[in-house]
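Engineer: This is the structure I have questions about; it appears just below.
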């Protein structure tokens, strides 16, 4: 039987606090095929970043606890030893972070930081690693790569630093690249360039990308499939085109509506009322219910399961639990 | 960088001038007459007056001060009233004794303090962290004279493991070349004496190292804790780097600036402030030298001794400033 490259199953990551153990990611399951780009969407505080840190094995061991399965090429990373994880990190699974300004060490040259992975994982000598690093910098579109090798991060612009981060992540040719909001802090024009670059690398190297973002535009641009997370749980999953055309979960609908549309000038931009519940403050029933305009009695007492549809879409919502709810929902959507 | 260094050295001149003036005035504020002390209680008034004239102490203070300054500019630190020897010649053995003691103490303080701080931050809230920080707290609050006396009483007297006082065995004294005895004994190939010098160094250097060690450990820990929360530490871990290197390479270099500052200040303090330790352990260092000079109203020695310590202190601080730029490429001196 063919494995997907990575399959996350019933992932639950919780943190010990003074108020007991609080789950931040709860029964999350998804998979990524080789060469695929999967988008993970949600507001801040939905557990997107914690999901990625769990895959990387970077959840702090003294306070955090990762349960469930993270099958990477048939191996469960959730139970892998730290030594084994070190071999995977940066080599088979690499990660780029949100803040290119602070994600590079200010006291080491770009070259030194770029070549580190090669020296750790491939035991290359300085000369080999340097040559490869320069090649990689050219690949990510950094001109005067050789001079940049001996410069320090503060001498580079934000866009250049993010390119360096990408080069650093891709240098060992990982099979999976986890990108945690890679464009959030960049200028719009630079954002487009970085996304274009990631798309190109995905095509050329067949590296799968797990794209974490709260920007639906990025998902539409980059991804084939998407997962929508809310309060640590997956609430909707499916092909990007399907989800954008017929979003099923009220949260997804809200997210799509909050994207400003050039074609219609509205007085006010739409926003979902309320905010993401703090981890640990979850109540019975559907976590989105307090903010949901379609909430029913059932939503407040019983947590909905993730239910599959025929087109491969999956939704965690009671509206589709019985026909009547669906009718109300459809009419609600068409009237808005 | 070079012009910065030169300018900083130039800025030393007013600092040292001010220092010289303050010390000059303070020494003269101490009651007592050097001429009387030299000649003894029985000396006649005429003899004392003649001696005062001979020492130049009958002149107005500003003339004395400018004579002193003029000497300083030609490298003349004055002549000791007590020994009648030029201070520039006799100060070095004392200074060397203090430098040797302070360097050894600082090595102990830095090696143990820095590592204790790093490990405490790495394993924050572990038993190591708690114990190290409790020891550090005791270390900063412990009076150094009490610690020195306890060391002598327990280690040297009760268990008779190490000598109580001095730099070397008085029955087999070290022949001075540089006056840094560790170096001298090695140069002469006298390993038996080398061991003896080390044995003499252990207790005073531990006493002297305790406070700086505790301060360095606490500073390193808090600086490391701050750095280890940074994004770039997560990046380094995401590369698959061993935690040891993440801590000692990526974190420590970033935590270094406050640590270097503290080390610089403490080294300066050790050089000047070793008087207590030197007195307890009979260490013939610069502290003892100045202390004796004060008792003897040996004005020139007190003035020049303090000036030399001040000079070393400022030079150490200059080195610390230059180190900043070497550590952090974002710091540039023009």
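Placed from the backbone N, Cα and C atoms, the Cβ positions cover glycine too.
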Engineer: For the transmembrane segment entry in TrEMBL, name the matching range from B:78-100, B:101-123.
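Structural biologist: Transmembrane segment, as annotated by TrEMBL, spans B:101-123.
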Engineer: Identify the transmembrane segment range according to TrEMBL, selecting from B:130-149, B:150-169.
Structural biologist: B:130-149
Engineer: Of B:41-60, B:181-200, B:201-220, which range does TrEMBL call transmembrane segment?
Structural biologist: B:201-220
Engineer: Are there residues at least six beyond either end of the transmembrane segment (B:101-123) with Cβ under 8 Å to its Cβ atoms? List them, or say none.
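Structural biologist: The answer is 129, 132-133, 136, 182, 201, 204-206, 208-210, 212-225, 228, 243, 247-248, 251-252, 259, 263, 266-267, 270-271, 274, 277-278, 283, 285.
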